[in-house]
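Presented below is the structure to which this report refers.
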């Protein structure tokens, strides 16, 4: 990260360092980071992408091959890492335009990045595969449907406060963006070069917006999960970079506006962590309650086989209803499932009998009344077979 900041700014200040923080402070990234197994792997993939961007060598072979290897490893950890690489390439091109680099320099930069990407994709193709959406007559309609769904999901991030903050950030960044477009048009170049530079500059915001979902739009098994929106980080970095651009270098007070979104993202992360703690407390209560019933009820003492029909709590959490009301994006981002499972029951001492994860049969469910009927689960017994059904909670998760 330090080398990346040094590459972006000749003499970086504290405010300059704020520009790159959205790479890790992306609210949607919390869904992946909170996963016990996927979190470290996805974080490693993003770090490899940053290494691929900042790596430099006097040897062109190493300059292409080593970043390509890093990209392949990042794709092996998560295919959404490709969104981060492409987004950072857009930021790099925008930085070159702001610095008024000649078109030849920007063209060489794009060719190097494209070659690195192709090397990474070729290496990744030897060990992995990407299941793309079928190109048929419904392809365009499906892409539009996915974009509409993602637009709705990203909209959860904006409440009254964050909406006004987003408007303020855009109003601060817009003059710098317009001035750079005009500067590109006023350069003493030919008409063709001016047109290419201006069109390229105008296409960057569109590319960054499409890279928010990025490869998830083209995946065959689209789920619309928050963890796939890794490109939102690079959009924020580009916005921060425009605010921090040279047009505002003489107005440090204006540049201090970058502190506000960083504080908001940290506050969001803290609220998310608090909600995870509350969810874990509820899941632990359900687990202990179920273990107590299995261990103490006389009707279950001679049962050797249990069918376990598990249902997630589906973010049903009354203790966090106030947080969900103020920050609806947290419910969308939440990924940790605190459902009770046979493996978790073994951790609290329930080890007897055979546990089957197949759903209970219709005969098991209708043969008799449940011997236990709790808010979160019910237990029935049929022919020496226990049937544990975790209920799907339908009541509102709000306090009365």
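Backbone N, Cα and C atoms are what each Cβ position is placed from, and that goes for glycine too.
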Exercise. Looking at 198-219, 286-307, which one is transmembrane segment according to TrEMBL?
Worked result: 198-219
Seminar exercise, completed: Range annotated transmembrane segment in TrEMBL (choices 226-247, 314-335) is 226-247
Exercise. Can you say which of 16-36, 37-57 is given as transmembrane segment in TrEMBL?
Worked result: 37-57
For this session: Using TrEMBL as the reference, determine which range in 110-133, 350-373 is annotated transmembrane segment.
Result: 110-133
Exercise. Per the 3+ Cβ pairs under 8 Å rule, pairs at least 6 apart in sequence, do the transmembrane segment (110-133) and the transmembrane segment (69-98) touch?
Worked result: yes
Exercise. Which stretch, 37-57, 226-247, 253-273, tops the Cβ pairs under 8 Å count with the transmembrane segment (69-98)?
Worked result: 37-57
Problem set entry | Residue numbers, six or more beyond the limits of the transmembrane segment (37-57), whose CB comes under 8 Å of its CB atoms | 1, 3-4, 7, 23-24, 29, 63, 66-68, 70-71, 73-78, 80-81, 84-85, 88-89, 92, 116, 120, 227, 230
